[in-house]
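Input: a single structure, listed below in structure tokens.
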Amino acid sequence: MEFSSHHIRLLQQLDEQRQKDLFCDCHIIVEGQMFKAHRNVLFASSGYFKMLLSQSCRDMGEPITATFDVFSADTFTAILDFVYSGKLPLSGQNVIEVMSAASYLQMTDVIGVCKMFIKSSLDINEKDRDGFFSLSDKDAGSNGSGLYAAGWRTESSPTHTHDTAEHGSFIAGYNYPPPITSRLQRPFSKHPRKPELVRKHRRRLLPEPLTPAPLSHIPLGDLVGGSAECMLHDEETVESVSQEEERTQTQESIISIKDEDEDAASHSWPESPQQESLDQGPALHITKAEELYKAMPTMLGGVSGWGEDELSSGRFKCPFCTHTVKRKADLKRHLRCHTGERPYPCEACGKRFTRLEHLRNHFQTIHEAGKLICRRCKLPVTKVTGRVIQDGTRRYRLCHACLAEAGLDNVNFDYGEDQPLVLPPENEREHCWNFKEEGRKENGSERAESDLAIQEVVDSEDDELKEKQD
């Protein structure tokens, strides 16, 4: 026999113990504020605490203290309340911070709840945006239709999103014709358009033909007096006139919207043909939003297109900021800055990273730094169990087993000692230097003697010439 309320009472008792500081053996410090909790509860709720507490399971008698600087105290308060009560206080201001902290603490349940909250808020915003791209308020006021005006107010008001058909809610896209009651109330145009021109614009603007609503389903109280009698006496004439008015009104409404909101119309989202799903209550709101906006991006998952303008221009915009990228993979990586997702865990220490290259650098610099590995078998070796081999200019390390298998007997072993430079003895060096200096002196003396001899010869010749002249 099972008691469904047993786990609820158990959580309540644990929460009361935490608030009264009873049996709390784990202290968490966030921004200088201390939070006390039970290590068993944290171990069962968070993957990060599970890894942290499993490493320090030997010190069971002393309380454990952990310090965090990656999130705020208010964010951790919300997460701690969720751990002990199962209730997560989310709002538009703290959903990103809570999701980032939950990703750091490896709490998948909290991440899933935050994803649903963000998706539902985006659905509401895009639904209001879709209502903005419906028929303008100017056209709705000129038609004078109370039924259409009620539908417009229902779509634009966020508090009455799920009205029933009894109150007359009606949602139409910008390419849908107004109800037939508004067309019958409006007086006929004095200058009707030519059928050829109407068919030409209709073929260009509306690829799919529009069929008027059946007149038999319209109550007589919604019609104006003369038009009701005309419908009863000559139904075929009214139907033909309504078709002509439908073409004219549709063309005018589409042209006016195209002129006024040409830029905004390209951003509109497609309407779902199942409009009656809005009348089924708030329970089907998420299903309806998924049907209307199938192009919505999913958080922490595959990112789909974000609008026709981005698909046409080849750029994708972040839904949280103004950052734009060219590839879906870049947008998915950028979203991790807002969501705090870390999908790449380290198998050695459990630390998680947002990018794969950061994980590789961490593993190489932290876990593989300073390790000597055999080049052949890739096993760790030491200076005792391995040797450094120098093959020409290449140097690598092999273990003794690989050396024996390879039969490397005639290989130069490099023990890490630099060979001394081979220089001649000091006596020989001095002799060479003295020899060079003596050679230079001898050459200089020979040159000096030759110069003196030349000068003496020249002087003697000059003296002989002077004597002959005298």
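Cβ coordinates are placed from backbone N, Cα and C, and glycine is handled just like the others.
The structure displayed is predicted, hence computed values, not measured ones.
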Legend entry - Annotated range (Swiss-Prot: zinc finger) out of 200-223, 344-367, 368-391: 344-367
Inset, instruction - Can you dig out which of the ranges 239-259, 260-280 Swiss-Prot describes as region 'Disordered'? - result: 260-280
Inset, instruction - Please list, for the domain 'BTB' (24-92), how many residues fall into helix, strand and coil according to DSSP. - result: 29 helix, 15 strand, 25 coil
Inset, instruction - With DSSP as the yardstick, break the zinc finger (344-367) down into helix, strand and coil residue counts. - result: 12 helix, 4 strand, 8 coil
